[in-house]
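Notes for the one structure printed next.
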């Protein structure tokens, strides 16, 4: 055995589009880098590239995932270094190709190479369950399922959990995005227990619906960096749980806003 | 527990509606069997059991669910049948 490091590849997937996979990938990847880990965030959404703009790295792209896979460039040339964290890299998707440009075996090989160099490989999967999903999960050791508290998103999440199992990716963890505590309180939105019970998988974290996400996406700066917003804090918690820390879930069912804020302050300081 | 609902001031929350609808739709989504195959299987099961007992066909339920296996990390599919028996038949083939 050699003493190469062997990182962990985590695919972020959902089935349904628009639930926050890319935002989640950007925040978790950045969060891990903030904790001192070496990270590649890999945009697997060929043809609909977006992780670059969410990370604020769109102006630096020269090569992309397809160039790397087809060996038009070396792996190192395809990786774009983040402007804030030196151990954080982006491997952007190709924008002018389609999902047939990458095969699962190629992805498996690529992720295998990346795992020798980095602690974490975060794979931002495209929506859907076709080719793009199939190659996205090919090299993954773990899967995180992103859903929102809506019937359609939860249903698709359930389908994806089944497909992951069929491919040998077991024990996916759940991230519930865009929870609105006031609607949960009124009984007009499924809460985290409802959703994790129905899907029968472990909950990794809950991210509240937060305007700050829109603002941070506008700026190309993942919310976890500034870290003051609720969503930013939720993503940092998720990051730490991925690293094995035990951190309590945000109490979003709290009776009033001020108690809620107090708990946040207790948990995070400030 | 029904009486508790009676005393609660609100009518059913939309979240409960969502949960019920979701659970129902997932039962179908999760079964690897097509509804047609499941129906055929149900017919055969009824036929076999009817040789031994009168069953309540109106209130029987046969479905496929996923459950966590104790040994394995991969969940397994399980055929769950709830077949109310009205009366055991005095079978011509006497037991043993």
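Here the Cβ of each residue, glycine as well, is placed from N, Cα and C on the backbone.
Feature annotations, courtesy of TrEMBL:
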type    : residues                                       : note
BINDING : A:16, A:17, A:18, A:19, A:20, A:21, A:22, A:23 : ATP binding site
DOMAIN  : A:10-222                                       : domain 'CobQ/CobB/MinD/ParA nucleotide binding'
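Non-local neighbourhood of residue A:17 (ATP binding site): A:127, A:128, each in the same chain, at least six residues away, with C-beta under 8 Å from its C-beta. A mean pLDDT of 97 is what the model gives for the domain 'CobQ/CobB/MinD/ParA nucleotide binding' (A:10-222). Cβ packing within 10 Å was compared across the binding-site residues A:16, A:21, and the lowest neighbour count falls to A:16. The Cβ of residue A:18 (ATP binding site) has 10 other Cβ atoms within 10 Å, all protein chains considered. Residue A:23 (ATP binding site) falls within a helical segment according to DSSP. The ATP site, placed at the center of the C-beta atoms of A:16, A:17, A:18, A:19, A:20, A:21, A:22, A:23, has further neighbours from the same chain whose C-beta lies within 8 angstroms: A:14, A:24, A:127, A:146, A:177. Cβ environment of residue A:22 (ATP binding site): A:43, A:45, A:50, A:51, A:54, A:124 lie under 8 Å away, each six or more residues apart in the same chain. The Cβ of residue A:23 (ATP binding site) has A:54, A:177, A:213, A:217, A:222 as same-chain neighbours under 8 Å, each 6 or more residues away in sequence.
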